[in-house]
Each structure stands twice: as structure tokens, then as C-alpha cells.
Amino acid sequence: MIGANKNEHLVISADPDHPANLICSLCKNFYTNGWVTGTGGGISIRDKPNNLIYLAPSGVQKERMLPENIFVKHFDHQDQYVRVPQGLKPSACTPLFLSSYNLRDAGSCIHTHSQAAVMVSLLHGAEFRISNIEQIKALPKFNSEGKKIGYMDFHDELIIPIIENTPFEEDLTGALQEAIKKYPGTTAVLVRRHGIYVWGEDVWKAKVYNEAIDYLLELAVKMYGVGIPTTCGIGEEKQYLKNLQN
Ligand SMILES: CSCCC(=O)C(=O)COP(=O)(O)O
Ligand SMILES: [Zn+2]
């Protein structure tokens, strides 16, 4: 778009909670968790009141980005950028982030290359399931139309679909959209041998959901390591641990 490089006012703000600042600060935080190392992963934030979408550049060290490196699109004209930083390309994850906005009205979407996500994708088929773990209560519960109706209970079973990886990130879009439609109860999609996409109503919800899910994925890997199934009922773990000792 002509003049898109000029709209620097859209990304320069003294407010630490401005989307362009938050993309940079949260990516630093994700980097220390090992979620966006080696340029992989990222985050997009939607400014719902101003109808704008903020996106990181592609192929850069995500923990070193500056607000002026951030791309901006208008939500109603998703084929056009209103801010294009010079010499940079928008994240290859863009169509995946947009899918969460368009299909789930998300306010932010996080993509990580978490090793726990990759491990779980290697240990499961089409779905990851876990239940009877306190941390599940941090995750949203949806009705059959994908509308949030509250939070999951301790005994609820969390189900996250797993899609197959593709050589190019953007080619994941069709499978991610299918999974979003097939699983109205999910707020995340795992990508086998690659990572995970997690979205939420706003950036802070997306952050909490991503943290809670990653905790559960990491726990799941540890449970497999000692032979306890992730859907094991309360008290049943003893029988698996007993088998382990024999
Ligand atoms: C080693 S990163 C490969 C690309 C990828 O999976 C990813 O998440 C980063 O894509 P981007 O275009 O945002 O750099
Ligand atoms: Zn990726």
C-alpha cells in the first residue's frame, strides 16, 4: 500500500500496553521460556476498538524486535497493510493468526515452538487429551458454537487437536481452519513436529492460556516418562506406578 511505511505513529507509543510495545516485550518473555528461539514463533495482537491488527516481521530474532519493526493491517481490509516497515516481510504466521481472529473473534494469537508441544505431538495421534489436573481450570470452556461460557473444571477433559506440519508455515492455514471448526471447544491447535497456536479474547487471556497449556504439555511429557496416562483417573496413578516398580 502506498505510504504504508509512513504510518509510524501507529506503532510508536509511550504506553507499555500499546500492541506494538507488547509484541516486543512479550516476545522477550517468550524467548526466556524457550518458546520463540532461533526466530521461530511469535505473537499477533488485534486492537479491537481501533479495528487494527499488529504483526511481527518474518525471520527476525523475535526477542530483539523494536516497535518500529511491527506491521499493521486494518481488520476490515485484511489484504492491505497500513504500516509496512522498510526492508521487512510480515510473519509467515499471518494467515494463521488471522484465522483465529476471523473464525473465533480472538483478540490475540500466540505461536510457539515449545519443545513440550513438539514432544506431545510426537506421542499422540490426532488429539492430545488430559484431565484431572488443577491447571486445566485456567482454560476457557466453550459451547458447541465456540462461544465462551466460563472456565473448565478440574475434572473436565482438555482436548487439543493436532494437525500435520507443512514445509511452509502459511500452508498450515487450511488444516488449522478445519481444526478450529471441528473443535469448537478448543483455544489451541498443536502442529506436529513444529509447535502450537494458542489464542484468546485479548492479549492477556491468550498469554494465560498459552502458559497454562504449556504447563500441561510439559507435565504430560513427564507423565509419559513414568508411565502415567494423561487421562488417568484420580487414584489410578498408583497402579501405573506399581507396574513401574515391578
Ligand atoms: C525456524 S523458524 C521457521 C518459521 C516458523 O516456523 C515460524 O514460526 C516463524 O515464522 P516467521 O515468519 O514469523 O519468522
Ligand atoms: Zn512456527
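Cβ coordinates are placed from backbone N, Cα and C, and glycine is handled just like the others.
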Which one of His9, His18, His194 goes with His111, His113 at the Zn(2+) site, as TrEMBL has it?
His194
Remaining residues near the recorded Zn(2+) site, that is with C-beta within 8 Å of the centroid of the site residues His111, His113, His194:
Gly40, Gly41, Thr112, Ser114, Ala117, Val191, Gly195, Ile196, Tyr197
Check the Cα-Cα distances from Cys93 (substrate binding site) to the recorded positions His111, His113, Glu134, His194 and tell me which is shortest.
His111
Express the distance between the Cα positions of His111 (Zn(2+) binding site) and Glu134 (active site, proton donor/acceptor) as a whole number of Å.
24
